[in-house]
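Structure record follows, encoded as structure tokens.
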Amino acid sequence: MEFILGIFCVLFCLRAGAGFGVDPSLQIDIFEDLQLGEATPGVQQVQGFHNRSKAFLFQDTSRSIKASTENAERIFQKLRNKHEFTILVTLKQAMLNSGVILSIHHSDHRYLELESSGHRNEVRLHYRSGSHRSQTEVFPYILADDKWHRFSIAISASHLVLHIDCNKIYERIVEKTFMDVPPGTALWVGQRNNVHGYFKGIMQDLQIVVMPQGFISQCPDLNRTCPTCNDFHGLVQKIMELQDILAKTSAKLSRAEQRMNRLDQCYCERSCTVKGNIYRELESWMDGCKKCTCTNGTAQCETLTCSAPNCLSGFSPAYVPGKCCKECQTVCVFQGQMYFEEEREAVYSSSGQCVLFQCKDNTMRRIESPECLPLNCPQSQHITLRNSCCKVCKGHDFCSEGHNCMGYSICKNLDDKAVCICRDGFRALREDNAYCEDIDECTEGRHYCRENTVCVNTPGSFMCVCQTGYLKIDDYSCTEHNECATNQHSCDENAMCFNTVGGHNCVCQPGYTGNGTDCRAFCKDGCRNGGTCIAPNICACPQGFTGPSCESDIDECTEGFVQCDSRANCINLPGWYHCECRDGYHDNGMFSLGGESCEDIDECATGRHSCSNDTVCFNLDGGFDCRCPHGKNCSGDCTHEGKIKHNGQIWVLENDRCSVCSCQVGLVMCRRMVCDCENPTVDLFCCPECDPRLSSQCLHQSGELTYKSGDTWVQNCQQCRCLQGEVDCWPLPCPAIDCEFSVVPESECCPRCVSDPCQADIIRNDITKTCVDETNVVRFTGSSWIKHGTECTLCQCKNGHMCCSVDPQCLQEL
């Protein structure tokens, strides 16, 4: 999508109209914020390109021009999450110097760095992209020529424009920058750090302008009326945000419709179901001696507190069936005893005759005694009852005739009546034991749980639960559990288990690191280039690397692992290789790995030959020949860069003083200068390996290695060279690929084609291709969203392909 959007921006932005002013609040004056002045070590205030601002000479290498933490943070606050800004500087760089103008980096991550190489005559912009990858844009240009230049590089989303001396030199489509710099990020001026990238020359007006087309502050006559790519990206982003809102709203509406459909078919009022009875929300009822209320679908009960009723004459408090508290009931007084309504009394005369009385309307009335059934037990086991003239046998089941024992109260037969008693573990709520409640032995201290246990109350009893790390001996006691001995611990397989009181500790074995439950092998020197530490000080290296720490690249070319086509040369890369077409050949566009797609260049047909006018160019496989027509006396001269070079003439290239060319019978032959280190006048710029001075040595970026002048090495996908004490690094050249989806494998530097778009991290985005997500919402290419119904599944639309993956860090944070 970046590529398509960038093309749109380039086509859309036709420059026309007049310039506008610049808001000073959007300008970051680096020199002013760093408070550079005469007292700053390593720099000297000098005459600049103009007199309106200070200019500084950067010459000494014993300098440390770095913004303080507070000043750097103030600058970063203006830059964070910005995708539209311009770096401007007016400078006069010493010839052949390779130095950093401005560097914003954290550890090894360069968020924004601008450097100019006088060794390779190019300007480089290093930045961190939105995909969190390091990117480098190289612009061939001689900036280090000891002349004044006004330089600006404007970034607008994926659109980059470079102006030098108010002339547009380059315009490119790039990946969007990522300027969310973390705390602790450093800002350096005129150097990368304390030992590398020293700029030599004069700088003036070093600024960052956080606005569209900020180059206008340096070159006010340039036009800036056109909307920028960032404007367009912002519009697309808003569309994507609205699209996401639409998707979420649609999902909510769908869920609401489903719920409404279910609501139409059911009664949704909350209720409580207790003992087969249904009670509505907030409805109250009596359950024995407890008052209950249905609250939020749950029955909540509390024990009633009964107060003695104040009864009138002829009434007395008594329990009523189905009621917890006593109520006033009518009474009768008979033979000095009090009887309640319906209560009976059997009276025996001296002759043994039984008369039955019953309390009715405050009066004991004689009633007819029912006929007594014959008893099937001996006379000695007959039991006389107070409320009946009929006797019963000993052991008669009074409970079966009815009782008022409720809940946790049970009925018990006595010799002449039935009574209620509470079950074990319960206590009476009233004196007749008709209602009982559970005794909480734990809170009342009526349990027998011993040390290392926790008392848990249960209905009618309690239980003793062992504390963590202990095992049960019996119902009331526990003993310490050795999880280590029983292999019931949580230690990693590479950890040692130590038993403790009530638990255990895990400690990683020597050679492993972690918290004990998760131990990982530790390699003292680390595993480089994507290697994995699989055992103490043992690295498993990815393909293409070897060594104890995977520090050595396998040269597939010299080791004979690769056989390139005869028309190609094998070029080694970190972790990989490619077959590059030899001089005289070019790729036909198929970009085959082994060089089979290399084909001959017809120098004669394309005009890329050096034959003079008196000879005839004849194409050869991988080259050409200048042939003299039969019977004609040819000079053998050559044509080079529009000039005639005589046969046998030798010259040095104008833009490369280290290359020597010669004309040999119409053919121009160029080679690097032969270095004779014994010659005291040898050019040390072209032959740095002949420089024996210690001051010409270079320190490796890690600070652990020293290189001699002329040495080369590869560091972070860059080819580096030590040249007279200065380190200059440039991106490794990658073979061209032609595919829709590609990926840069870990520890490698160049992209490879892949067929699965979900594996790709580099995509030729096509804005016309869309995806339909799980809620049937159309998504643009490049958009991302959290999958419906999940919290940690991120989905992306990649050229019509929907790719979803789970974020492990998100899962850990849930």
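In case you wondered, yes, glycine gets a Cβ from its N, Cα and C as well.
Listed in Swiss-Prot:
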DOMAIN    270-329  domain 'VWFC 1'
DOMAIN    438-479  domain 'EGF-like 2'
DOMAIN    636-691  domain 'VWFC 2'
DOMAIN    696-754  domain 'VWFC 3'
CARBOHYD  N51  N-linked glycosylation site
CARBOHYD  N223  N-linked glycosylation site
CARBOHYD  N296  N-linked glycosylation site
CARBOHYD  N515  N-linked glycosylation site
CARBOHYD  N613  N-linked glycosylation site
CARBOHYD  N633  N-linked glycosylation site
Around the Cβ of N515 (N-linked glycosylation site), the count of other Cβ atoms that are within 10 Å: 11
Where N296 (N-linked glycosylation site) falls in three-state DSSP terms: coil
Between N613 (N-linked glycosylation site) and N633 (N-linked glycosylation site): CA-CA distance (Å): 12
Segment confidence, the domain 'EGF-like 2' (438-479), expressed as mean pLDDT: 92
N296 (N-linked glycosylation site) versus glycosylation sites N51, N515, N613 - nearest by Cα: N515
Spatial neighbours of the domain 'EGF-like 2' (438-479) far in sequence, C-beta under 8 Å, 6+ residues away: 408, 423-427, 500-504
Where N515 (N-linked glycosylation site) sits in the secondary structure, as DSSP reduces it to three classes: coil
Cβ neighbours of N296 (N-linked glycosylation site) where a neighbour is any other Cβ within 10 Å: 9
Conformational class of N613 (N-linked glycosylation site) under the three-state DSSP mapping: coil
Integer Å distance between the CA atoms belonging to N51 (N-linked glycosylation site) and N613 (N-linked glycosylation site): 55
C-alpha spacing of N51 (N-linked glycosylation site) relative to N515 (N-linked glycosylation site), in angstrom: 62
CB contacts for N51 (N-linked glycosylation site) [other CB atoms within 10 A, all chains]: 8
